[in-house]
Amino acid sequence: MEMDGQDELKKSSVFLQLLAKFHAGYFRISMSLCGQALLWKILKQPIQNENSLRRTLRLLPNTAFLLLWSLALFILASLSFIYILRCFFHFKLVKSEFLHRVGLNYLFAPWISCLLLLQSSPFKALLPNQILLWVFLIPIVVLDVKIYGQWFTKGKRFLSSVANPTNQLSVIGNLAGAWAAAVIGWRETALCMFSIGMAHYLVLFVTLYQRLSGCNCLPATLRPVFFLYFATPSMASLAWTSINGEFDTFSKMLFFLSVFLSVSVVSRPALFRKSMRKFSVAWWAYSFPLSVLALACNEYAKEVDAEAAHVVALLLSLLSVLVSLFLMVVTVLRTNFVIPVTPPPPPAISSDNSSAEP
């Protein structure tokens, strides 16, 4: 009986260690899978004057899309359940994460995942989309008040001291909300979310640009988040297209900006060399921006109806799929690297001077 009690205590200790090591950054996985599911759904939709390349994309089996969407839903639900347990058993760590200048931004990720999953859903939801949209938008607005309120009121040069590429997740959350609201016909709500996101994106982009891409803000393991630089204008392009009803000049400008930023980031492979030496969940930061860029390129190709644009959209979509598949395989093969079962270091997290991810 005494041995059984020790085994139970050991299992409980391992479980608590797992919860302690878990953090909001793991929602990168669900955000990437949900973005991939939305990409597959849009690529399978018929368009006017579709060419042979577009018809090739429609040959993707429906079963594969259903499996991908179901997997994205399962991963999102699982990660959400684990994080709820973390809130219950390690509330101090969650509170520290809420004050962390990197960890706080990833609290947007589950709601972004929900918005993308709602748009890509092949089934009729149990609740009306309007109710679900409010459920997903309210936490984003609350986090907006927390983050942007600090920028306005928290001392001199507060933003310049805490700004890092993950701050763009707050902007992406607003833009994803604007996109989803426009799809169901809430144009005023979409305009509100879009204006909030873009106003702060301009301030954030200039701040990050002046700080030499924030290289001194993030450890090497987190440098894959630099891909968010082109995810934000790509999402803005998609959101504005849904609001305006067409891929107009402003949408094209945002898309060209995302293409330029993507080339600028990809052309610096040395920046990511250290982060690629050892697998970590941060690698999932590569997938979502590629999916959003492929979606924006697909909209651009439909508008200009040029063969070269369709070829680029197909190549970007294929690259996004391959990167996602690679990350899924590597994550399954190296599960011990995802959440290592080791005692966590004592939380020494500050909202002003901590640079590591919680």
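We number each residue from 1, going along the chain as drawn.
In case you wondered, yes, glycine gets a Cβ from its N, Cα and C as well.
Annotated transmembrane segment per TrEMBL: 63-86 (among others), in sequence order.
Sequence-distant contacts of the transmembrane segment (98-119) (same chain, at least 6 residues past either end, Cβ-Cβ under 8 Å): 23-25, 27-28, 30-31, 33-35, 37-38, 41, 69, 72-73, 76, 79-80, 83, 125, 129, 132-133, 136-137, 139-140, 143, 146-147, 162, 164, 166-170, 172-173, 176-177, 179-180, 183, 218, 222, 349-352, 354-358. Marked as transmembrane segment by TrEMBL: 98-119 (among others).
Annotated transmembrane segment per TrEMBL: 131-149 (among others), in sequence order.
The list of residues near the transmembrane segment (169-187) in space but at least 6 beyond its ends in sequence, with Cβ under 8 angstroms from a Cβ of it, reads 105-106, 108-109, 111-112, 115-116, 118-119, 129-130, 133, 136-137, 140, 143-144, 147-148, 193-194, 196-198, 200-201, 204, 228, 231-232, 235-236, 238-239, 242-243. Summarising the annotation, TrEMBL assigns transmembrane segment to 169-187 (among others).
For 193-212 (among others), the entry in TrEMBL reads transmembrane segment.
Positions annotated as transmembrane segment by TrEMBL: 224-243 (among others).
Residues or ranges marked as transmembrane segment by TrEMBL: 249-267 (among others).
According to TrEMBL, the feature transmembrane segment maps to 279-296 (among others). Residues of the same chain lying 6 or more positions beyond the ends of the transmembrane segment (279-296) and with a Cβ under 8 Å from any Cβ of it are 25-26, 28-29, 31-32, 35-36, 38-39, 42, 221-225, 227-228, 230-231, 234-235, 237-238, 254-255, 258-259, 262, 313, 316-317, 319-320, 323-324, 327, 330-331, 334, 337-338, 357.
Annotated transmembrane segment per TrEMBL: 308-333 (among others), in sequence order. With a cut-off of 8 Å between Cβ atoms, the residues of this chain six or more beyond the transmembrane segment (308-333) that come close are 29, 32-33, 36, 39, 43, 51, 53-54, 56-57, 279, 281, 283-284, 286-287, 290-291, 293-294, 297-298, 300-301.
Each of 131-149, 193-212, 224-243 was scored by its Cβ pairs under 8 Å to the transmembrane segment (249-267), and the highest score goes to 224-243. Here the transmembrane segment (131-149) has Cβ contacts under 8 Å with residues 104-105, 107-108, 111, 114-115, 118, 125, 167, 170, 173-174, 177, 180-181, 184, 186, 189, 193, 196, 200 of the same chain, all six or more residues outside its ends. Cβ atoms under 8 Å from those of the transmembrane segment (224-243) belong to residues 164-166, 168-169, 171-172, 175-176, 178-179, 182-183, 187, 190-191, 194, 197-198, 201, 213, 218, 250-252, 254-255, 257-259, 261-262, 264-265, 271-272, 275, 282-286, 288-290, 292-293, 295-296, 299 of the same chain, restricted to positions at least 6 beyond its ends.
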